[in-house]
Amino acid sequence: MRTARVSVVGLAAGALILTGCSSGGGGDAGGVSKDDAAKQQIKYEFGDAKDSTGPAEPVKGAKKGGVLTVYQRDSFAHLDPAQIYVSDEGSMSTLIHRRLTSYKRDSAGKYTVVGDLATDSGTPSKDQRTWKYTLKDGVKWEDGSPITSKDIRHTFERQFAPFISEGPVFIQQWMAGASGTGYRKLLPDGPYKGDHLSDKVLETPNDKTIVFHFKDPQPDLPYALGMAGYAAVQKKGDTKEKYDKKPVASGPYKIESFKSGKSMKLVRNTEWDAKTDPVRHQYPDSHNIQFGVSFEASTKRLVSDSAENQTAVSYSNQVDASSMQSVRSDPKVKDRSLSGYQPYVGKISFNMDRLKNKKVREAIAYALPAQSLMQAFGGSGGGELAGNYLSPTVAGHTESDPYGKVENPQGDVKKAKRILKEAGKTGMKLTFAYQNSPEWSDFSIAAKDNLTKAGFDVQLKDIVTDTYYDQIGKIKNNYDMYHSSWGADWPSASTVIPPTLDGRQVQDGASNYSHYNNPKMNKEMDRISKIKDADEAAKEWGKLSDEILKKDLPDVPLMYYKQIQLHGSKVGGAVMNNVISGIDPTQLYVKK
Amino acid sequence: MLRFLVRRSLGAMVILLIISAVTFFLFYAVPRDPAMLACGKNCTPDALEVIRKNMGIDEPIPMQYWHFMIGIFAGRTFAQGACPAPCFGYSFANSDPVWDTILDRFPTTVSLTVGGAIVFLVIGLGAGMIAAWKRGTFADKLFSTGSLVLSSMQIYFVGPLVMALLVFNLGLLDQPSYVPLSEDPAGWFMGLLIPWMVIQIIFTANYTRLSRSSMIEQLAEDHVRTARAKGMSGKFVFFRYAWRGSLIPIVTIFGVDLGSLLGGAMITEWTFSLPGLGKLAVDSVANTDLPMVMGVMLFSATFIILFNVIVDAAYAFIDPRVRLA
């Protein structure tokens with residue numbers, strides 16, 4: 001779950017979804033259709049012991065050796081798994097950290113949640129309140145010592161320590177049966193002052209077994225355990241805050257050097273055993289990562305395919321909006337591109353403390369030109385028109401479009417004008433805040449034009465990108481409407497609807513930007529959260545999502561974000577990974 | 001001389017103190033909370049409080065400033081550990097020690113600055129002198145017009161253009177990058193060649209025009225005319241008398257330019273993705289990273305002030321008529 005602070009933190013981790021256009025690296029840049037997305041509306045299956053056994057399926061034509069150059073815009077702020085949430089850190093994390101479960105992508109593009117350090121994706125009790133995991137034989141840290149259940153217990157106990165503030169909190173909340181940061185009371189100092197989680201919450205009866213006990217059914221646990229933020233931390237090597245700079249590796253690579261903001265070098269971890277890993281490969285000798293390379297710069301370099309750029313790639317830098325058209329129209333470059341959905345849905349959020357009249361919100365919804373936003377983000381390569389809150393890649397998505405944003409992407413100004421007149425609000429002042437990026441600046445002008453024609457007196461308020469989410473995240477802000485976006489953590493709307501629309505989570509800095517609070521809907525969220533059957537839950541989330549949109553309209557959905565990524569001509573194995581929302585670094589190799 | 005240096009050093013410290021106070025208090029005028037940025041999801045007032053305490057921003061702003069300044073001279077202790085003097089604290093964005101980060105980035109900036117300065121001094125002064133020497137000729141017009149055109153160019157425009165031509169299309173040069181001189185001298189040179197070429201385009205133009213006008217002015221001075229009247233050769237008079245006198249304004253500007261560049265060539269470093277102090281400054285501002293902003297600002301300001309003092313002191317050596325008062 002997260003907001004797309006595109007310019008600040010890069011692209012988020014989480015669920016869905018990017019399309020691997022071809023296993024060899026080619027792709028139909030910008031050409032992901034809704035059909036493709038629907039195919040990837042994945043109900044990830046939970047794998048058994050056989051699915052979880054290594055080695056991973058070999059990448060066709062892959063050879064060992066070579067140095068991979070990696071261009072990244074943003075440096076990695078965190079290396080401690082417990083602090084990792086953003087997708088570029090998540091990509092790197094798959095190379096150095098292992099978790100209890102992980103997401104396996106086969107050559108046909110099918111995803112399965114498998115045991116990573118564990119022998120399978122987990123054994124639940126009937127009521128799904130208890131989950132049991134067993135560690136594989138032969139899993140080791142980079143120093144050669146075995147990974148044991150003591151390390152896993154420590155991994156989860158330290159998630160409660162005060163210095164851990166940026167990683168996922170799902171499992172901690174489930175353990176504590178608490179919302180918000182209430183979970184911290186369960187183990188306020190983490191394991192560092194001698195306290196530990198009770199066996200009623202987390203059991204480790206021997207070196208191999210881990211048993212989670214929750215107050216409520218948690219059918220999504222295998223998904224959550226596969227997040228980068230829940231990767232294992234070595235108890236012996238835990239240096240608390242300093243672990244964030246020098247973590248102990250368990251994956252196929254370890255850190256040789258890391259200079260924040262400059263560079264990072266990953267080299268082979270000789271203690272990693274491919275036979276224990278069903279997900280990762282260890283093809284290149286090293287990954288040489290350069291930070292501070294903007295989207296524009298990496299696009300130019302990779303398009304040129306000159307010298308060292310032939311063996312270069314980026315885990316998460318995408319083609320910049322201004323270059324999308326040229327990338328798509330040059331067959332040679334297009335062959336080296338991959339495209340797909342990001343997990344985000346771009347919306348206009350209404351400040352419901354100020355815009356209380358639903359008719360007014362409706363008039364705005366009809367008037368807004370979604371097409372202009374898509375164009376600003378580079379056309380069909382940068383996004384796709386959105387009819388509702390659930391991305392096509394989230395289970396429960398429907399094609400509903402109650403406000404005609406897909407059917408009439410230029411906006412229906414006449415209808416908006418009529419509705420505003422009926423509401424008796426023609427000429428009302430409207431403050432529209434947007435971040436002063438080129439894309440949103442362009443959209444704001446088009447939006448103002450339509451809204452003015454519909455009868456609003458629009459005041460545009462541009463906000464510096466860096467402070468944008470702080471500003472709109474304040475409950476007492478002075479804006480009537482502003483844009484926001486959100487992406488799922490895994491393919492369930494449970495990581496979309498409650499974080500953005502649960503009225504009990506309205507507070508400064510929280511992600512319910514519209515301040516929407518409907519007790520009836522809140523109750524419904526609680527009910528659906530407890531449904532054990534994933535298919536049924538998905539349907540119910542879809543229904544609830546549409547009901548909120550139609551009845552209350554707290555936000556107007558405009559666009560499902562997409563992206564295009566490039567790689568050099570001597571990079572093989574480039575495929576998009578749905579889980580990390582970018583090129584999968586574990587499958588890459590250097591062509592000879 | 002000693003009195004001069006002591007007085008200027010004291011003055012410099014006062015200026016640095018003012019800069020530090022202005023930067024620190026201006027930071028809090030920005031409507032952005034660094035603790036909120038680090039607070040992550042499901043942030044609550046309690047969690048924010050803990051983070052503010054860890055960051056050391058839970059105290060009144062004047063008190064924070066006081067502790068920051070004390071830390072520079074006496075060191076401090078943070079949640080991340082002890083921070084020996086000179087302590088600028090730990091980055092809000094990534095918990096790196098600020099001083100270590102600055103020292104890590106400085107060699108990139110020094111390499112860019114020194115290499116670029118050598119190029120633009122040699123070409124700029126050379127072209128300016130030739131233009132002055134051949135005043136009114138085609139060479140003069142060529143250099144004068146050329147410098148005018150070049151001085152109107154911008155690094156963010158010329159940089160990508162040069163890269164597109166020499167790296168991406170013709171493949172003649174390496175992509176700009178920085179590797180330490182001690183590790184790979186050839187890689188260091190080749191990686192910085194394009195940034196030097198681009199940075200010199202902008203500066204060379206200024207130095208060409210400045211040295212030309214200064215030299216022409218000197219050539220019209222009485223002592224130069226006297227030397228010529230005494231029968232000294234034109235070349236001797238040019239280099240022995242006129243050139244030395246023309247250096248004063250050039251040294252003044254060079255001192256300021258060098259100090260500024262050492263403080264971080266922001267646009268050049270950004271254009272070529274070079275991890276120097278300039279890029280660090282931009283990133284720190286974008287990340288609301290107060291300790292890093294403060295560290296880079298004070299470090300840069302120190303260089304600018306230091307080079308101003310050096311320039312003032314150098315006047316006496318260049319021109320014996322100047323006395324340091």
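A Cβ is built for glycine as well, from the same backbone N, Cα and C atoms used for every other residue.
Annotations in TrEMBL come from automatic prediction, not curation.
TrEMBL lists B:12-30 (among others) with the feature transmembrane segment.
What TrEMBL records for B:106-315 is domain 'ABC transmembrane type-1'.
Residues or ranges marked as transmembrane segment in TrEMBL: B:110-133 (among others).
Under the heading transmembrane segment, TrEMBL lists B:145-168 (among others). Sequence-remote contacts of a segment are chain residues at least 6 beyond its ends whose Cβ falls under 8 Å from one of its Cβ atoms, and for the transmembrane segment (B:145-168) they are 127, 174-176, 194-195, 197-199, 201-202, 204-206, 208-209, 267-268, 270-272.
Marked as transmembrane segment by TrEMBL: B:188-208 (among others).
Below 8 angstroms of C-beta separation, residues 108-110, 112-113, 116-117, 121, 125, 154-156, 159-160, 163, 176, 194-195, 198-199, 203, 206-207, 210-211, 214, 278-282, 296, 299-301, 303-308, 310-311, 314-315, 318-319, 322 of the same chain, each at least six residues beyond the ends of the transmembrane segment (B:247-272), sit close to that stretch. Residues annotated as transmembrane segment in TrEMBL: B:247-272 (among others).
Annotation source TrEMBL lists transmembrane segment at B:292-318 (among others). Away from its own ends, the transmembrane segment (B:292-318) comes close to residues 1, 4-5, 8-9, 12, 15-16, 19-20, 23-24, 27, 68, 72, 88-89, 91-93, 98-99, 101-102, 106, 244, 247-248, 251-252, 254-256, 258-260, 262-264, 277, 280-281, 283-285, 324 of its chain (Cβ-Cβ under 8 Å, at least six residues beyond either end).
Within the same chain, residues 61, 64-65, 68-69, 288, 290, 293-294, 297-298, 301-302, 305-306, 309 sit at least 6 positions outside the transmembrane segment (B:12-30) and bring their C-beta atoms closer than 8 Å to a C-beta of that stretch.
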